[in-house]
Amino acid sequence: MFSSIAPLVVQDGVRKRPADPAEAPTTRRALAAASCEYGSLKFYALCGVGGVLSCGLTHTGVVPLDLVKCRMQVDPQKYKSIFNGFSVTLKEDGLCKFGFYEVFKILYGNMLGEENAYLWRTSLYLAASASAEFFADIALAPMEAAKVRIQTQPGYANTLRQALPKMFAEEGIWAFYKGVAPLWMRQIPYTMMKFACFERTVEALYKYVVPKPRSECTKGEQLVVTFVAGYIAGVFCAIVSHPADSVVSVLNKERGSSASQVLVRLGFKGVWKGLFARIIMIGTLTALQWFIYDSVKVYFRLPRPPPPEMPESLKKKLGLTE
């Protein structure tokens, strides 16, 4: 999100140019407080660790709800509701998604320059998250295909080790990637909403709700804001990605069907089946993911840029400063 034309320093976790030499001591103290430089290989690696923990722990916790949601989508006559689903039955790509998002956000921000990165920050978040998810889904597709087979076809397999070779023997490599296109349809809008909505919600909460600047908030107060913003983002994520999620669930259960055929057969009402369960699952999931991810950043003392502010150069251009 910052221009690379002139030398940059880190202050309060943000790369920027010092306004004058008097700022140098503050800059050095801020640099010393962080465990690594913003945008360094160590920063990306530790962000990846945070992504693994946030997605791994949360998806483990929601496996039962995800199981019911998938079965409601592929067998709505038997699993009529979330509550009925539980009585009848009594994911993920964190490393790629969060790590790549940080990479692409900084990369695209540097390409745009400091002023344009601020003016077009929502587009920046959308582009960075879409790029990250595109590559993450290539890694996720085989796991997603196996997960749906195990969940929706009783007796097919009990473990990933059993499912993967069986799927390969039946359909070859195509068994693992036939759902990648609808997975992109589901996950890319989901992730774009997840990151862009989160970033802008955090900005809005600190601007309109939290009665003091983030720099004056405790780490605990900041993490509460993170959780609330994550839940709000999760609700929107669930809504925009649910139709494609329904198609993926049915497609991975059936052999020989295409995404368009499944979509036509499900119809408008069918693709929204299980939405309530998904909203609960994704809202809670996303809030916890952001909470854990931000907690990891706090634990490792990673640079955590505050909500973006208009650069002084842009303020002068717009006549907002004297």
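Cβ atoms are placed via backbone N, Cα and C, with glycine included.
Annotation source TrEMBL lists repeat 'Solcar' at 120-204 (among others).
What TrEMBL records for 221-299 (among others) is repeat 'Solcar'. The residues of the repeat 'Solcar' (221-299), classed with DSSP into helix (H, G, I), strand (E, B) and coil, number 71 helix, 0 strand, 8 coil.
What TrEMBL records for 223-244 (among others) is transmembrane segment.
Under the heading transmembrane segment, TrEMBL lists 275-293 (among others).
Secondary structure of the repeat 'Solcar' (120-204) per DSSP, as helix, strand and coil residue counts: 73 helix, 0 strand, 12 coil.
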